[in-house]
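J.: The structure is given below, and queries will be raised subsequently.
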Amino acid sequence: MRVRYKPWAEDYLKDHPELVDMDGQHAGKMTEWFDKTQPIHIEIGSGMGQFITTLAAQNPHINYISMEREKSIVYKVLDKVKEMGLTNLKIICNDAIELNEYFKDGEVSRIYLNFSDPWPKNRHAKRRLTYHTFLALYQQILNDEGDLHFKTDNRGLFAYSLESMSQFGMYFTKINLNLHQEDDGSNILTEYEKKFSDKGSRIYRMEAKFHSQK
(Lines of atoms letter the chains of each structure in order from A and count residues from 1; the text may use other names and numbers.)
(Lines give C-alpha, C1' and ligand atoms only; values in the text may rest on other atoms or scores of the structure.)
Protein backbone atom coordinates (compact mmCIF):
# COMPACT_ATOMS: atom_id res chain seq x y z
CA MET A 1 0.00 0.00 0.00
CA ARG A 2 1.34 3.39 -0.97
CA VAL A 3 0.94 5.92 1.82
CA ARG A 4 0.53 9.59 1.01
CA TYR A 5 2.92 11.63 3.13
CA LYS A 6 1.28 13.86 5.75
CA PRO A 7 3.87 16.47 6.84
CA TRP A 8 1.85 17.43 9.90
CA ALA A 9 1.29 13.88 11.18
CA GLU A 10 4.46 13.64 13.28
CA ASP A 11 3.73 16.81 15.25
CA TYR A 12 0.13 15.70 15.77
CA LEU A 13 1.27 12.36 17.18
CA LYS A 14 3.88 14.00 19.42
CA ASP A 15 1.12 16.16 20.91
CA HIS A 16 -0.43 13.00 22.42
CA PRO A 17 2.35 11.24 24.39
CA GLU A 18 -0.24 9.75 26.72
CA LEU A 19 -1.51 7.66 23.79
CA VAL A 20 1.38 7.42 21.33
CA ASP A 21 4.97 6.28 21.88
CA MET A 22 7.11 7.89 19.19
CA ASP A 23 10.62 7.40 20.52
CA GLY A 24 10.60 4.51 22.97
CA GLN A 25 9.76 6.48 26.10
CA HIS A 26 7.62 3.56 27.32
CA ALA A 27 9.99 0.80 26.19
CA GLY A 28 10.18 -1.87 28.86
CA LYS A 29 7.24 -0.31 30.71
CA MET A 30 4.25 -1.35 28.61
CA THR A 31 2.19 -2.72 31.48
CA GLU A 32 2.80 0.42 33.53
CA TRP A 33 1.64 2.64 30.66
CA PHE A 34 -1.97 1.54 31.14
CA ASP A 35 -4.33 2.59 33.93
CA LYS A 36 -5.10 -1.06 34.74
CA THR A 37 -2.92 -4.17 34.80
CA GLN A 38 -4.62 -6.48 32.30
CA PRO A 39 -3.59 -8.97 29.58
CA ILE A 40 -1.86 -7.28 26.63
CA HIS A 41 -2.77 -8.00 23.01
CA ILE A 42 -0.82 -6.47 20.10
CA GLU A 43 -1.72 -5.83 16.48
CA ILE A 44 1.37 -5.38 14.30
CA GLY A 45 0.64 -3.27 11.25
CA SER A 46 -2.68 -1.78 12.35
CA GLY A 47 -3.34 0.29 9.26
CA MET A 48 -6.16 2.72 9.92
CA GLY A 49 -7.13 0.98 13.14
CA GLN A 50 -10.64 -0.34 12.55
CA PHE A 51 -9.78 -3.83 13.80
CA ILE A 52 -7.85 -2.91 16.93
CA THR A 53 -10.20 -0.12 18.06
CA THR A 54 -13.23 -2.39 17.63
CA LEU A 55 -11.53 -5.07 19.71
CA ALA A 56 -10.59 -2.57 22.41
CA ALA A 57 -14.15 -1.27 22.62
CA GLN A 58 -15.56 -4.80 22.89
CA ASN A 59 -13.02 -5.99 25.49
CA PRO A 60 -12.35 -3.37 28.18
CA HIS A 61 -10.75 -6.12 30.32
CA ILE A 62 -7.84 -6.39 27.84
CA ASN A 63 -5.12 -3.81 27.11
CA TYR A 64 -4.28 -3.35 23.43
CA ILE A 65 -1.24 -2.05 21.59
CA SER A 66 -1.42 -0.86 18.00
CA MET A 67 2.03 -1.08 16.39
CA GLU A 68 2.36 0.79 13.09
CA ARG A 69 5.47 2.41 11.68
CA GLU A 70 3.84 4.75 9.13
CA LYS A 71 3.18 8.09 10.81
CA SER A 72 0.90 9.10 7.95
CA ILE A 73 -1.41 6.21 8.90
CA VAL A 74 -1.00 6.18 12.67
CA TYR A 75 -2.83 9.48 13.02
CA LYS A 76 -6.02 7.72 11.87
CA VAL A 77 -5.69 5.20 14.68
CA LEU A 78 -5.16 8.05 17.13
CA ASP A 79 -8.27 9.82 15.84
CA LYS A 80 -10.36 6.70 16.46
CA VAL A 81 -8.94 6.19 19.96
CA LYS A 82 -9.81 9.77 20.89
CA GLU A 83 -13.27 9.70 19.30
CA MET A 84 -14.16 6.40 21.00
CA GLY A 85 -12.68 7.40 24.36
CA LEU A 86 -10.65 4.20 24.62
CA THR A 87 -8.50 3.96 27.74
CA ASN A 88 -7.25 0.42 27.04
CA LEU A 89 -5.50 1.10 23.73
CA LYS A 90 -2.05 2.63 23.21
CA ILE A 91 -0.05 3.16 20.02
CA ILE A 92 3.59 2.45 19.22
CA CYS A 93 4.90 4.19 16.11
CA ASN A 94 7.85 1.96 15.27
CA ASP A 95 8.95 -1.13 13.35
CA ALA A 96 8.12 -4.64 14.56
CA ILE A 97 11.80 -5.56 14.63
CA GLU A 98 11.97 -3.45 17.82
CA LEU A 99 9.36 -5.53 19.67
CA ASN A 100 11.67 -6.91 22.32
CA GLU A 101 12.85 -3.39 23.15
CA TYR A 102 9.30 -2.51 24.18
CA PHE A 103 7.99 -5.70 25.78
CA LYS A 104 9.40 -7.84 28.55
CA ASP A 105 9.70 -11.58 28.08
CA GLY A 106 6.29 -13.19 28.47
CA GLU A 107 4.45 -9.88 28.80
CA VAL A 108 2.09 -10.38 25.85
CA SER A 109 -0.91 -12.71 25.61
CA ARG A 110 -1.76 -12.42 21.91
CA ILE A 111 -0.34 -11.05 18.66
CA TYR A 112 -2.46 -10.17 15.62
CA LEU A 113 -1.05 -10.00 12.09
CA ASN A 114 -3.70 -8.77 9.67
CA PHE A 115 -3.05 -8.40 5.93
CA SER A 116 0.67 -7.92 6.33
CA ASP A 117 2.77 -6.94 3.33
CA PRO A 118 3.44 -10.25 1.48
CA TRP A 119 6.82 -9.16 0.12
CA PRO A 120 6.40 -11.60 -2.80
CA LYS A 121 9.98 -11.59 -4.09
CA ASN A 122 12.18 -14.29 -2.56
CA ARG A 123 14.98 -11.84 -1.85
CA HIS A 124 12.59 -9.92 0.42
CA ALA A 125 11.46 -12.96 2.43
CA LYS A 126 13.23 -11.74 5.56
CA ARG A 127 10.88 -8.74 5.64
CA ARG A 128 7.77 -10.91 5.98
CA LEU A 129 6.29 -10.76 9.46
CA THR A 130 6.22 -14.56 9.59
CA TYR A 131 9.93 -14.92 8.76
CA HIS A 132 11.84 -16.80 11.45
CA THR A 133 13.51 -13.62 12.76
CA PHE A 134 10.11 -12.18 13.67
CA LEU A 135 8.81 -15.50 14.99
CA ALA A 136 11.72 -15.53 17.44
CA LEU A 137 10.66 -12.10 18.70
CA TYR A 138 7.06 -13.24 19.11
CA GLN A 139 8.16 -16.31 21.03
CA GLN A 140 10.21 -14.13 23.37
CA ILE A 141 7.45 -11.70 24.32
CA LEU A 142 4.48 -14.12 24.38
CA ASN A 143 3.58 -15.80 27.65
CA ASP A 144 3.20 -19.57 27.97
CA GLU A 145 -0.46 -19.48 26.93
CA GLY A 146 0.02 -16.79 24.29
CA ASP A 147 -0.94 -17.22 20.66
CA LEU A 148 -0.71 -15.60 17.25
CA HIS A 149 -3.69 -14.81 14.99
CA PHE A 150 -2.98 -14.28 11.30
CA LYS A 151 -5.23 -13.16 8.41
CA THR A 152 -4.43 -12.51 4.77
CA ASP A 153 -5.94 -12.54 1.30
CA ASN A 154 -2.59 -13.62 -0.16
CA ARG A 155 -2.50 -17.38 -0.72
CA GLY A 156 1.26 -17.41 -1.26
CA LEU A 157 1.94 -15.61 2.02
CA PHE A 158 -0.45 -17.92 3.85
CA ALA A 159 1.29 -21.03 2.52
CA TYR A 160 4.70 -19.56 3.32
CA SER A 161 3.58 -18.67 6.84
CA LEU A 162 2.21 -22.15 7.53
CA GLU A 163 5.54 -23.65 6.52
CA SER A 164 7.64 -21.04 8.33
CA MET A 165 5.73 -21.42 11.59
CA SER A 166 5.73 -25.20 11.41
CA GLN A 167 9.49 -25.29 10.82
CA PHE A 168 9.99 -22.92 13.74
CA GLY A 169 8.22 -25.28 16.12
CA MET A 170 4.72 -23.85 16.21
CA TYR A 171 1.44 -25.71 16.01
CA PHE A 172 -1.93 -24.60 14.66
CA THR A 173 -5.08 -24.53 16.74
CA LYS A 174 -7.27 -23.24 13.91
CA ILE A 175 -6.93 -22.91 10.13
CA ASN A 176 -9.56 -21.32 7.88
CA LEU A 177 -9.06 -21.55 4.12
CA ASN A 178 -12.16 -19.48 3.34
CA LEU A 179 -12.84 -17.42 6.45
CA HIS A 180 -15.95 -15.58 5.34
CA GLN A 181 -17.63 -18.78 4.23
CA GLU A 182 -16.87 -20.42 7.56
CA ASP A 183 -17.26 -17.33 9.79
CA ASP A 184 -19.34 -17.79 12.93
CA GLY A 185 -19.99 -14.07 13.24
CA SER A 186 -17.10 -13.32 15.57
CA ASN A 187 -14.71 -12.09 12.86
CA ILE A 188 -13.86 -8.38 12.96
CA LEU A 189 -13.10 -6.98 9.52
CA THR A 190 -10.19 -4.66 8.83
CA GLU A 191 -10.61 -1.88 6.29
CA TYR A 192 -8.65 -3.86 3.73
CA GLU A 193 -10.42 -7.11 4.48
CA LYS A 194 -13.76 -5.57 3.59
CA LYS A 195 -12.33 -4.17 0.37
CA PHE A 196 -10.77 -7.49 -0.64
CA SER A 197 -13.86 -9.46 0.35
CA ASP A 198 -16.15 -7.16 -1.62
CA LYS A 199 -14.02 -7.96 -4.66
CA GLY A 200 -14.54 -11.66 -4.10
CA SER A 201 -11.12 -12.42 -2.65
CA ARG A 202 -10.79 -15.45 -0.39
CA ILE A 203 -9.60 -14.65 3.13
CA TYR A 204 -7.26 -17.08 4.91
CA ARG A 205 -6.86 -17.22 8.67
CA MET A 206 -4.95 -19.22 11.26
CA GLU A 207 -4.29 -19.34 14.99
CA ALA A 208 -0.95 -20.72 16.17
CA LYS A 209 1.08 -21.30 19.34
CA PHE A 210 4.63 -22.25 20.19
CA HIS A 211 5.25 -25.75 21.57
CA SER A 212 7.55 -24.14 24.11
CA GLN A 213 7.30 -20.38 24.51
CA LYS A 214 10.70 -20.04 26.16
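Cβ from N, Cα, C; glycine included.
The model shown is predicted, which means the values in this text are computed figures rather than measured ones.
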J.: Need a hand: Swiss-Prot gives E68, D95, D117 for S-adenosyl-L-methionine, which of E43, E83, E145 is also on that list?
T.: E43
J.: Among D79, D147, D153, which residue does Swiss-Prot name as a further substrate binder in the site formed by K121, T190, E191, Y192, E193?
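T.: Among D79, D147, D153, only D153 appears alongside K121, T190, E191, Y192, E193 as substrate-binding in Swiss-Prot.
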J.: Using the alpha carbons only, what distance in Å do you get between E193 (substrate binding site) and E68 (S-adenosyl-L-methionine binding site) once rounded?
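T.: Roughly 17 Å, rounded to the nearest whole number.
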J.: Which residues in the same chain, at least 6 apart in sequence, have a Cβ under 8 Å from the Cβ of D95 (S-adenosyl-L-methionine binding site)?
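T.: Result: R69.
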J.: Report, as a single number, how many Cβ atoms besides its own are within 10 Å of the Cβ of D117 (S-adenosyl-L-methionine binding site).
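T.: Result for D117 (S-adenosyl-L-methionine binding site): 14 neighbouring Cβ atoms inside 10 Å.
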